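So the structure is just underneath, and the comments pick up after that.
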Amino acid sequence: MSQQEEMKNLTLLGSKETPYIFEYSPQVLESFDNRHADNDYFIKFNCPEFTSLCPITGQPDFASIYISYIPDQLCVESKSLKLYLFSYRNHGDFHENCINTIGKDLVELLNPRYLEVWGKFTPRGGISIDPYYNYGRPKTKYENMAEQRLFNHDLYPENIDNR
């Protein structure tokens, strides 16, 4: 498949008009074919400027979000991911729900072999919340990998003063 064919379904990348959506919007996510589906490899996104709203107070919440996955046939297009995460800006939800929803939306889009999403939210009221979501494709080695990474994901927590 040529690069031009591969990118024909990408509507956001290279667009002169970037549609910034201010409400939760999973339909903005786009994918492209993984040319290296014969390899297991990680793709990692570091998203240090995530914002959402507290569903009770309406106050802004800030986080760094780390998304890592082992693709199968599809990869997420990074500009669409940026716009998708931006769509949470005026979305009111708890930290745990945001991270789980992001993970589930990406699993639905990509059907990856493995995926994890880790949110590191800045403290509010003196407490920081760091929800972690992961997924391993059922009945494969990735299901076992997900279980092991879930059990061990935070064995060496960082100092709290890093935020």
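The backbone N, Cα and C atoms fix where each Cβ goes, and this holds for glycine too.
Here is what Swiss-Prot says about this protein:
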type: ACT_SITE; residues: Cys54; note: active site, thioimide intermediate
type: ACT_SITE; residues: Asp61; note: active site, proton donor
type: BINDING; residues: Val76, Glu77, Ser78, His95, Glu96; note: substrate binding site
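Sequence features annotated in Swiss-Prot and their locations in the structure.
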residue: Cys54; record: active site, thioimide intermediate; DSSP class: coil
residue: Asp61; record: active site, proton donor; DSSP class: strand
residue: Val76; record: substrate binding site; DSSP class: strand
residue: His95; record: substrate binding site; DSSP class: helix
Q) Nearest to Cys54 (active site, thioimide intermediate) by Cα, among Glu77, Ser78, Glu96 (binding-site residues)? A) Glu96
Q | CB within-chain contacts under 8 A for the residue listed as 'active site, proton donor', separation at least 6 | A | Thr51, Ser52, Leu53, Cys54, His95, Phe121, Thr122, Arg124
**Q.** Count of other CB atoms lying within 10 Å of the CB belonging to Val76 (substrate binding site)
**A.** 23
Q.
These are the binding-site residues: Glu77, Glu96. Which one scores highest on other Cβ atoms within 10 Å?
A. Glu77
Q. Sequence gap of 6 or more, C-beta under 8 Å: which same-chain residues meet both conditions with respect to Ser78 (substrate binding site)?
A. Phe45
Q: Among the recorded positions listed here (Cys54, His95), identify the one with the smallest other-Cβ count within 10 Å.
A: Cys54
